[in-house]
Amino acid sequence: WVLLVRKGYQDTDPAPRTAVVTKMKGSAVAGERGAGWQLWDAVDQAWPPQGENVLFLVTNFITTAKQTQGTCPESPSVLEATCTEDADCPVGNTVVHGNGIKTGKCIMFNTTHSTCEIYGWCPVENNTLPRKPLLDEAENFTLFIKNTVHFTKFNFSKCNTLQTNDPTYFKSCTYDAFLNPFCPVFRVRDMVEAAGENFGDLALLGGSIGVRIEWDCNLDHSAALCQPQYSFSLQDRRYNFRTASYYWDSQKQLYRNLLKFYGIRFDISVHGQAGKFSIIPTAVSFGTGIAFFGVATVVCDLVLLYLDTKADMYWKEKFEEVR
């Protein structure tokens, strides 16, 4: 069993060297027709556009435009910022989980809320989340994953891309586990669904998808049979980060546009092992098997001897009773 089923005749390399290169492609628009639509392509939406093991795809965002450093009321959504009088806003204290430093004044944020005035980037960050993803067309983006493994023990390398002379193949193919298993171009929606999620739900607040590439290569067979297996899993719901672009106006005043990005983070991991016939593990497995059968034979003989002894004692006792 060990020799044949568990391939005890093979030497193994369970830790290949791996390399991953990714490239995102696609385009989407955000805005209302006739009111200044903005085009988002992979350069705008993927961070970085060409990455390695980790890639982030923007699916939703909140914009706070034309911020400048100054004083303004803190957002009422920040609990530590609410106040009823100036004494609630000690000068110099940082607003925990807020946007700046308290100036010592309690001022009106709107007709219903009073908050501490702060010194920071004003106006404070907009926290109104759209009801649906602004970039829901990102579900049709494609992710090209090029992966190479090298089993150093056997000096064997393999790439997951199909070896073809057709220059249009990777521009037109899409991965399918049954129909097109050798195309390393994955549609975003397919990956999210393979992880058991709905793209629209995950795109609203973001999340993280794990992409696992598994190589299990029997090098006693043809190298063409050494092919990767892909699996996808949800690692986390909700994922976002902030970034800003800075500029100066004609009056030399510094401004920034703040963007809070929600999206899907893809974490790619590669695992694998390779096996190949070797005389040393074969001899060890064979010797172990022989030793096991030898021990089993000895144990069996001892059991039979014990049973024979017990049987002799039983019949002797019966014979004495008859006499």
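Including glycine, each Cβ sits where the backbone N, Cα and C put it.
Residues or ranges marked as ATP binding site by TrEMBL: Lys23, Met24, Lys25, Thr142, Asn240, Phe241, Arg242, Lys260.
Remark: Cys72 (disulfide bond) has Glu117, Ile118, Gly120, Cys122, Pro123, Val124 as non-local neighbours, by Cβ distance under 8 Å and separation of at least 6 in sequence. What TrEMBL lists as disulfide bond is Cys72-Cys122 (among others).
Annotation comment: TrEMBL describes Cys83-Cys106 (among others) as disulfide bond.
Taken from TrEMBL, the feature disulfide bond applies to Cys89-Cys116 (among others).
Annotated disulfide bond per TrEMBL: Cys173-Cys183 (among others), in sequence order. Shown in sequence order, Leu162, Tyr169, Phe170, Cys173, Thr174, Tyr175, Asp176 are the residues of the chain, 6+ apart in sequence, with a C-beta less than 8 angstroms from the C-beta of Cys183 (disulfide bond).
Residues or ranges marked as disulfide bond by TrEMBL: Cys217-Cys226 (among others).
The N-linked glycosylation site annotation in TrEMBL covers Asn140.
Annotated transmembrane segment per TrEMBL: 286-307, in sequence order.
Geometry remark: Phe241 (ATP binding site) versus Cys217 (disulfide bond), CA distance 39 Å. When the recorded positions Cys89, Cys116, Asn140 are ranked by how far their Cα is from the Cα of Asn240 (ATP binding site), Asn140 comes first.
In this structure, the CA atom of Lys25 (ATP binding site) is 9 Å away from the CA atom of Asn140 (N-linked glycosylation site).
Fewest Cβ neighbours within 10 Å among the disulfide-bonded residues Cys89, Cys106, Cys116: this applies to Cys106.
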